[in-house]
């Protein structure tokens with residue numbers, strides 16, 4: 001009797017367990033149906049786990065009738081085996097895509113047997129505003145989810161690899177800026193540029209960088225961060241290398257302009273690219289560390305200029321038509337960081353955030369998995385599985401595209417493609433002035449312009465003021481000789497910083513010697529012999545040459561001002577503009593001053609990186625600009641070279657925090673679909689301000705101190721106050 005009762009109890013218990021298991025499985029499948037129907041209704045596009053055919057059949061076999069679950073025996077057996085026989089729940093299953101591919105993508109198309117909770121409204125029946133609102137909602141959801149995904153991927157080896165690769169690109173931008181100042185005097189002297197054409201090199205390079213920043217930044221929102229950066233850096237490297245070999249000044253200007261156009265895309269793309277693989281708590285600090293490479297580029301350029309340019313013996317000639325001087329070697333060496341960046345960048349993936357923005361689900365998932373696996377292996381945890389399998393994708397809005405005839409000429413197709421890309425860039429740029437980013441765009445442009453105007457303006461003014469002080473000191477040590485008479489004497493040494501008035505040189509020989517800053521006024525040269533003579537900054541004014549012989553000298557009509565040449569001959573005169581840096585202390589001094597000014601930003605870089613996430617971007621931006629403006633007033637006391645150098649270092653050290661925080665704020669304020677375009681526009685305003693700053697401040701050197709000091713101070717303080725009005729982005733996720 002007891003045995004019969006025990007058997008009956010066991011049967012009842014078993015039946016209850018089976019019923020409970022069936023009920024649990026039914027509830028789970030019903031939840032799946034609701035999720036899928038809801039996804040279809042909201043045009044949701046997501047990754048789903050791989051599911052076996054038994055589960056799909058089981059899902060398609062049930063219906064909801066009066067709140068009860070009805071099925072048949074076959075499906076019950078299949079459904080029971082899906083959990084009971086496998087020993088685990090579906091939600092805990094590791095999909096095969098983690099090792100063999102990507103998760104299956106649900107494209108939102110209806111499937112046979114799928115349960116629909118409501119018929120979704122077709123996109124063709126919705127207004128553009130409704131579609132934009134849906135996309136905005138998707139963007140906000142993706143931003144939150146993407147932040148969680150980056151936290152799961154962790155911060156480690158992948159981010160540091162990308163940090164150094166992008167750092168080389170940013171270093172190339174810094175080198176390009178400094179190359180202009182270092183090469184300018186040598187290039188203009190070597191190519192015999194008249195005073196009317198002097199100074200164009202600096203302006204033309206900044207103009208190229210201005211257009212390049214806008215173009216490449218906008219294009220990166222269309223075709224990708226990596227691809228645009230590769231192309232722009234390749235353009236920069238090729239034309240920078242080519243510029244070292246061209247001989248004409250106009251061709252040299254063209255090559256440097258195109259080189260600047262290429263490097264113009266570095267800053268907007270580099271910061272956008274790196275920010276999109278950084279989690280929120282790491283973004284401010286590591287973007288600031290990335291800024292250090294711009295400083296490294298300046299130090300590299302200064303060191304190479306000091307080591308290469310003054311060494312005239314490094315040059316070689318191929319006849320009189322082709323001259324390859326040491327400054328050209330310097331230009332080649334400065335192209336090396338760009339070449340290195342291009343090579344390293346080919347091994348890095350595209351930004352996963354950009355892939356998601358473009359609706360490229362499989363590519364984004366694979367890149368995120370690569371980031372996760374790279375970091376986990378570096379931590380010694382290769383067994384950690386990338387658990388993300390469902391990523392929100394923003395609604396892809398259709399755009400009207402003008403179709404081109406397939407049989408058209410290839411050149412016409414290329415022009416049509418360029419036209420369509422430029423139109424896309426312009427439309428994206430106009431969206432930067434739509435709500436809610438319109439006010440931010442205007443404020444950012446103002447801050448970029450003011451900071452750049454003050455920084456680049458003073459960067460030109462400081463060295464020129466130092467040169468002006470050096471020239472005044474040099475002129476104060478000039479030796480003046482009046483009414484001298486020298487007969488039958490051989491000059492085979494250097495004459496420097498001298499003025500000779502009303503002198504008479506009779507039967508004298510000038511052999512293998514140099515005139516350096518020597519001026520002869522109202523002097524006579526009778527039966528004199530000149531051989532292997534070179535002159536720098538030397539002139540003969542109102543002089544007379546009688547029965548004199550010139551062989552292999554650089555004395556020509558340009559140096560004979562209002563002078564008479566009687567019964568004299570010139571043979572094998574040196575052609576072109578002669579360059580010499582022997583014992584040129586001023587050249588070394590200029591490079592050393594720039595080296596110190598660049599090195600002075602190191603403490604500011606470290607402080608800004610460590611405090612960026614602690615005191616906030618806006619406090620650092622506004623405070624740094626205001627302090628930089630105040631420091632300009634100390635220039636009143638700059639009456640010596642050492643004092644001016646100290647003020648240059650102080651100003652650079654204070655302003656670097658503003659640059660770093662502005663880079664971070666600009667990256668975080670723009671959404672992904674406009675980040676490159678918005679950053680490129682702001683950087684273009686920066687280069688425009690650099691051109692204006694060079695022209696305005698450069699024209700004031702040696703005239704007055706008041707205008708440059710007051711202008712720079714007011715501009716920097718005003719820009720800092722505008723920066724404080726920007727929204728705080730410290731707690732924001734990347735939209």
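Each residue, glycine too, has its Cβ placed from N, Cα and C.
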Annotated stretch (transmembrane segment, per TrEMBL) among the listed ranges 109-128, 129-148, 329-348: 329-348
Of 80-102, 287-309, 356-378, the range TrEMBL labels transmembrane segment: 287-309
Range from 162-185, 228-245, 251-275, 444-462, 677-700 with the greatest count of C-beta pairs under 8 A to the transmembrane segment (618-637): 444-462
Surrounding residues of the transmembrane segment (251-275) on its own chain - C-beta under 8 Å, 6+ positions past either end: 162-163, 166, 169-170, 172-173, 176, 180, 187, 191, 200-201, 204-217, 219-220, 225-226, 228-229, 232-240, 242-243, 283, 286-287, 290, 338, 351, 663-664, 666-668, 675-676, 679-680, 682-684, 687, 734
The transmembrane segment (706-726) touching the transmembrane segment (643-665) per 3+ Cβ pairs under 8 Å rule: yes
Long-range environment of the transmembrane segment (677-700) - Cβ separation under 8 angstroms, sequence gap at least 6: 199, 202-203, 206-207, 209-211, 213-218, 220-221, 264-265, 267-268, 271-272, 425, 428-429, 431-432, 437, 441, 444-445, 448-458, 460-461, 464, 666-667, 669-670, 707-708, 711-712
Stretch among 287-309, 329-348, 706-726 sharing the most Cβ pairs under 8 Å with the transmembrane segment (588-611): 287-309
Interface-richest range of 228-245, 287-309, 444-462, 706-726 toward the transmembrane segment (162-185), CB pairs under 8 Å: 287-309
Any contact, the transmembrane segment (444-462) to the transmembrane segment (706-726), with at least 3 Cβ pairs under 8 A: yes
Segment-level pLDDT (mean, integer) for the domain 'Major facilitator superfamily (MFS) profile' (162-730): 83
